[in-house]
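In what follows, a structure is listed as structure tokens, so that the remarks can point back to it.
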6 protein chains.
Amino acid sequence: MSRTVILTRREVFSSSHRLYSDKLSLEENKNIYGKCINSHGHNYVLEVSVRGGVKEDIGMFMNITELKEILKEKVMDKLDHKDLEKDVPELKGIVTTTENLSIFIWDQLYPSLKEFLYEVKILETENNFVVYRGE
Amino acid sequence: MSRTVILTRREVFSSSHRLYSDKLSLEENKNIYGKCINSHGHNYVLEVSVRGGVKEDIGMFMNITELKEILKEKVMDKLDHKDLEKDVPELKGIVTTTENLSIFIWDQLYPSLKEFLYEVKILETENNFVVYRGE
Amino acid sequence: MSRTVILTRREVFSSSHRLYSDKLSLEENKNIYGKCINSHGHNYVLEVSVRGGVKEDIGMFMNITELKEILKEKVMDKLDHKDLEKDVPELKGIVTTTENLSIFIWDQLYPSLKEFLYEVKILETENNFVVYRGE
Amino acid sequence: MSRTVILTRREVFSSSHRLYSDKLSLEENKNIYGKCINSHGHNYVLEVSVRGGVKEDIGMFMNITELKEILKEKVMDKLDHKDLEKDVPELKGIVTTTENLSIFIWDQLYPSLKEFLYEVKILETENNFVVYRGE
Amino acid sequence: MSRTVILTRREVFSSSHRLYSDKLSLEENKNIYGKCINSHGHNYVLEVSVRGGVKEDIGMFMNITELKEILKEKVMDKLDHKDLEKDVPELKGIVTTTENLSIFIWDQLYPSLKEFLYEVKILETENNFVVYRGE
Amino acid sequence: MSRTVILTRREVFSSSHRLYSDKLSLEENKNIYGKCINSHGHNYVLEVSVRGGVKEDIGMFMNITELKEILKEKVMDKLDHKDLEKDVPELKGIVTTTENLSIFIWDQLYPSLKEFLYEVKILETENNFVVYRGE
């Protein structure tokens, strides 16, 4: 009987964005997003967790090298050193709150990681962070 | 169908306290609390998490600005730069262990955050921390 | 009715190890573990969490001093400043992945902490970490 | 005789920028700045140090409240939640490397802090940082 | 010819204090120290640096074990889990600003470490810190 | 007239080692190095600083990409995921204290970085670190 662990990989990506909804007036945008309607940026800290049963002989259920490659292809190459508003086609029309980014990253990773994917956590700053678990 | 995320805000407050129960003898207090029976203090790191369904149009379920205001009024103004033994009427007679502080902060926040409140975490030091989830 | 909290103690231990399975060929070991087949080492950050109902009079359910003593005897004295391959009899024949280490530490602690034991988390580096919850 | 200390205040600002020199060709820009020619952003950590002789009666040489106000007016209000390329007139035509930012911030602060100003340190990421001491 | 290095030991102590000068009126104290006139506390992070020429045969100039013992006796036992106003005779009448604390700790250590003592750094919080180098 | 800045790159390498001098008896080794005579390991944090005059047109004096390549070739490839006692020919017969490692890394880097090399800092753990500046 295998034991179930949660394995997490942490990555950092540096992107620019602003919070602005085209469906709202300038005034409404200001009220909701405050100074975040200006273009600015972050070193986003991303923690992706996968969950599965450890194979006894090799002491892993998924190789972290494989996880890193998936993160590189599906997330880092798309978001790192990019303008989230302009350079990421899949994010067109989506307000890039940390909440929406965590869901976006989940959706990017799910086809590769499937039922192993357990949690996506993003720290926008050291003081604000969001967790999404696919619910 | 909205997606459910957990949003966390981190704050730091600097307070003095000691661990001492009036219901116990000096000897019993020493045995249980050790050097913590002396007045001392901490930079308490507080992480408050709320959980809810993201509204698609604005990419949030609760504005972090609103959460910060609630934390300021209900927690920071009461505990920051205070003596937890003497300056906080609601804590009179309560031993201010990190366990009790996490419950106290939950109870302060619950009337405002209600079912959105998911978790209160306090790091007393980088080595000791407590989580309370309302159970 | 007591309230249930999760209390965590963080410790750091410095050990050497390599990832190498005697059941596999050198080529297979290289494919799976890459550069980790060489002897190397880490400052492992260990976070052990216990969960229980707070006793109102003392504001704790388990004294963190007691938890530290259990960690010292069952984990730190065995693993800190040791070669995990050669100096830990219980790990003989086990590939010391972080996954296996987290399970090993759980098994070391369970007889003392029993149903209070909630989670063992190990950060091998700031970028790779594993959680085990006894499942 | 007063004793001389160095007092440091840490602030974080979140800005977008790209590295691109108008005096160079696109090819040269790519060679020098790599992926940084794309718009992206950072949580810049700023540490400003002042140095002076402590006044015995009050135990300070400069009130950190005063230092915070100067930092707010001269640096944070200008750079935080801004696009460094477009929103900061004084940076027009200047490549916003961390090196140039540290010099820019020194020049912003010097008229207020004069001979007290000791060091400006900026961490662009946790792995890359620059110190400028007015030389 | 020996090579000269700087060796640093980091310790954390948890103390309570307030900023209040008996030589000033209540109004003046409020103006200078703000909310710090209330009793509060910190996890002070202390970094003590010594500087000397490495002895080739042992690869050290001072054993860090020896440095830890000096720090324990001269600083930690006096300040950790104490009220800096009331429990430390040598600090009577001294306003316990971080500036004054860094000088106090230097003076405590100098008789033992003499010319090896290079720097005392105290982080009151992650955002405010002071360095004293004996000048 | 160019302005002089200090640029720092942070890297982490994971190595095993023990502290043991062949020129001393077992008893002397135990007295000096304590539990460090056992094989163990660390995530060494390395911070290499270079110092030079910023070229106005490009806003740099040395490209951090170039610095990273030098660090990779001269330090990381030699020390990361290695046993410092056995796998690094240049360290044969040298006690691998953090003091000696900082000098070793300086000597590895000096031929490439020459007068630009300003400081090598190694954190063996979060509590013990050494700086070498070529003196």
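Cβ from N, Cα, C; glycine included.
Note that the structure is predicted; figures quoted are calculated from it, not measured.
In TrEMBL this protein carries:
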type	residues	note
ACT_SITE	D:CYS36	active site, proton acceptor
ACT_SITE	D:HIS81	active site, charge relay system
ACT_SITE	D:GLU124	active site, charge relay system
BINDING	D:HIS17, D:HIS40, D:HIS42	Zn(2+) binding site
Spatial neighbours, same chain, of D:HIS17 (Zn(2+) binding site) - Cβ under 8 Å, 6+ residues apart:
D:SER39, D:HIS40, D:GLY41, D:HIS42, D:ASP83, D:LEU84, D:GLU85, D:THR96
Which residues of the same chain, at least 6 positions away in sequence, have a Cβ lying under 8 Å from the Cβ of D:HIS81 (active site, charge relay system)?
D:PHE13, D:SER14, D:SER15
Where does D:CYS36 (active site, proton acceptor) sit in the DSSP three-state scheme?
helix
Could you round the CA separation between D:CYS36 (active site, proton acceptor) and D:GLU124 (active site, charge relay system) to a whole angstrom and send it over?
12
